[in-house]
Amino acid sequence: MHDIAGVTNETGNVLGMMPHPERAVEALLGGTDGLGVFQSLINQTEGADVRGAR
């Protein structure tokens, strides 16, 4: 319906998605288009205080 591939909550800190970016992170396997998803996760969590996080 409407070609929706993913959804987030209002604050953007919860993501649900149908594509599999982990399958597109190695050029040897056909492409690196999925790297952006994982790089953004790294960028957002670097320096974050995760003590006590569960």
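Each residue, glycine too, has its Cβ placed from N, Cα and C.
Record features (Swiss-Prot):
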- 1-51: domain 'Glutamine amidotransferase type-1' (DOMAIN)
- His20: active site (ACT_SITE)
- Glu22: active site (ACT_SITE)
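Averaged over the domain 'Glutamine amidotransferase type-1' (1-51), the predicted model reaches a pLDDT of 89.
Cβ contacts within 10 Å of Glu22 (active site), excluding its own Cβ and spanning all protein chains shown: 10. Per-class residue totals from DSSP over the domain 'Glutamine amidotransferase type-1' (1-51), listed helix then strand then coil: 17 helix, 8 strand, 26 coil.
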